[in-house]
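Now, the feature entries from TrEMBL:
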type	residues	note
BINDING	Arg101, Glu218, Phe265, Glu266, Gln267, Met268, Glu269, Glu372, Thr373, Ser374, Ile375, Gly376	substrate binding site
BINDING	250-252, 260-265, 332-333, 376-379	ATP binding site
DOMAIN	177-411	domain 'Aminoacyl-transfer RNA synthetases class-II family profile'
Amino acid sequence: MAKQEDDFKRVISHAKEYGYVFQSSEIYDGLSAVYDYAQNGAELKKNIRDYWWKAMVQLNDNIVGIDAAIFMHPTTWKASGHVDAFNDPMIDNKDSKKRYRADVLVEDYVAKIEAKIEKEVAKAEKRFGDKFDKEQFLATNQRVIDYQEQARSILSRLAKSLEKEDLSDVKKLIEELEIACPMSGSRNWTDVKQFNLMFGTKLGASAESAMDLYLRPETAQGIFVNFLNVQKTSRMKIPFGIAQTGKAFRNEIVARQFIFRMREFEQMEMQFFIKPGTQMEWYETWKENRMKWHLSLGLGEDNYRFHDHEKLAHYADAAADIEFRFPFGFKELEGIHSRTDFDLGNHEKYSGKKLQYFDPETRESYVPYVLETSIGLDRMFLAVFSNSLQEEELENGTFRTVLKLPPVLAPTKAAIFPLLKKDGLPELAQEIVDDLKWDFNVLYDEKDAVGRRYRRQDANGTPFCITVDHQSLEDQTVTIRHRDSMEQERVAIADVKRIIHEQVDMKTWLQKIQ
Ligand code: GAP
């Protein structure tokens with residue numbers, strides 16, 4: 001646990017030191033769970049957003065993208081169920097006065113049991129070496145079986161109590177498990193209560209005429225209310241999808257863990273409109289498609305897993321998360337939800353407008369079912385950033401900090417250095433910058449010894465460093481140094497663009513999905 005905490009602290013301080021993420025309004029001591037993306041962070045975030053958009057919208061001829069407003073008519077949220085059901089169960093510790101999500105307290109307890117299982121696996125792996133069969137071990141080791149059963153029965157009881165809105169049983173579970181407040185260590189809990197997560201605001205100048213509005217808690221509703229407009233104007237036939245990226249807002253009770261759980265965050269969502277009855281097929285297809293997208297970035301297959309929901313959201317008939325191994329353990333990164341006709345059906349009911357699709361082949365009209373993929377851009381950022389940050393021991397016994405971002409996502413693709421600040425080297429380096437900047441984000445750096453400049457760019461996540469020296473003036477070649485292998489090669493200046501392009505081109509990366 002202490003190592004996890006240290007690793008996570010390192011991620012947060014690196015994000016600040018290298019201009020990725022800052023606390024919002026830091027000069028006023030910050031605003032809880034609100035963050036700003038700095039010069040490198042904004043680029044990384046944009047690159048992740050583009051990578052998603054290209055995979056979802058550009059490469060699928062049956063998916064189109066939109067950009068709906070954050071403010072929506074307030075009845076939207078009545079129809080979507082968010083006014084009545086978008087709640088989290090909260091509990092306060094009477095001694096520390098800290099507020100927690102009751103379900104998260106129980107889930108954290110279960111995460112500790114899962115950590116024990118992982119520890120047993122690691123021990124056995126060490127003992128048996130090459131002969132170790134993980135699956136067999138998990139199925140036969142009595143201690144592990146007991147842990148698994150304990151975790152399963154706790155989660156299933158929690159899911160049942162939440163499903164039945166039996167909040168007193170959630171409290172009972174916390175008491176039976178003897179869960180203590182992480183701050184005070186005490187077990188002096190209040191009752192569990194529901195808490196609505198939407199932020200309210202007002203539209204209009206005078207108090208009497210102002211209309212109550214909400215900041216959208218998900219981008220999806222902007223897609224639902226536009227479904228028929230988009231279908232008609234794009235002449236799409238079912239099955240087809242509508243995608244969008246944009247801000248969402250939730251008054252989270254527990255907003256720790258840096259950009260993992262924020263009060264203002266960005267989602268990348270896609271609603272896929274399908275014929276009723278085909279939802280399970282599409283559910284499996286989109287689970288597979290989305291996992292392939294993640295794996296294409298090369299963050300490691302072992303770092304992902306599916307988690308099927310025991311407690312379904314108010315709109316879903318099946319749901320799974322793609323979980324990622326964050327520095328604090330496996331947690332939800334993306335949700336894949338079969339939303340039935342819940343949203344479109346309710347918008348029909350509340351608006352009194354038909355939201356039906358006319359099938360030209362069967363000549364029938366129906367309210368489509370919806371399969372949704374929903375990923376948090378900030379969570380994806382944290383997954384990429386934390387996974388890429390590494391401390392490496394070098395051959396000479398020293399250490400380097402390197403941010404091994406997938407080159408396709410790196411904010412700066414190349415840094416160009418003159419070896420010395422004289423003899424015409426800066427001028428040639430600047431010429432290379434001026435040529436490359438039309439294709440890539442590049443930077444010029446002439447400060448400090450080259451070794452230090454390499455280290456700076458390693459920590460910044462820049463995949464290539466290009467050094468201009470005296471030989472460059474004679475034969476128009478430079479050295480190109482690769483961030484991950486630290487290998488250097490001498491190449492013609494004329495080839496630099498091609499070499500970078502091969503490594504950072506989205507096409508090369510996304511072709512792995514097909
Ligand atoms: N439209 C469906 C929906 O909003 P969700 O599971 O509540 O489903 C989808 O959210 C994704 O949005 C999550 O998997 C997560 O990546 C991201 N997300 C949700 N709440 C978040 C928060 N408070 N901070 C950052 N990301 C969040």
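Positions of Cβ are set from backbone N, Cα and C atoms, glycine also.
Predicted automatically and left uncurated, TrEMBL annotations should be read as such.
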Need the DSSP three-state call for Arg261 (ATP binding site) to compare against my parser.
coil
Determine, using Cα-Cα distances only, which of these binding-site residues is closest to Leu333 (ATP binding site): Glu269, Thr373, Ile375.
Ile375
Expressed to the nearest Å, what is the distance separating Gln267 (substrate binding site) and Glu252 (ATP binding site) at their Cα atoms?
15
Least buried of the binding-site residues Glu252, Glu269, going by other Cβ atoms within 10 Å?
Glu252
Substrate site span - longest C-alpha distance across Arg101, Glu218, Phe265, Glu266, Gln267, Met268, Glu269, Glu372, Thr373, Ser374, Ile375, Gly376, in Å:
25
Measuring Cβ to any atom of ligand 1 with a strict under-6 Å cutoff, which of the binding-site residues Arg250, Arg263, Gln267, Thr373, Leu377, Arg379 qualify?
Arg250, Gln267, Arg379
Neighbours of Arg250 (ATP binding site) among the binding-site residues Phe265, Glu269, Thr373, Ile375 (Cα to Cα, within 10 Å):
Phe265
May I ask you to report the DSSP-based helix, strand or coil state of Leu377 (ATP binding site)?
helix
Rounded distance in angstrom between the Cα atoms of Arg379 (ATP binding site) and Phe265 (substrate binding site):
9
If one measures from the C-alpha of Arg101 (substrate binding site) to the C-alpha of Glu252 (ATP binding site), what distance in angstrom results, rounded to a whole number?
9
Could you check which of the binding-site residues Glu252, Arg261, Arg263 is the closest Cα neighbour of Ile375 (substrate binding site)?
Arg261
C-beta crowding around Arg379 (ATP binding site), within 10 angstroms:
23
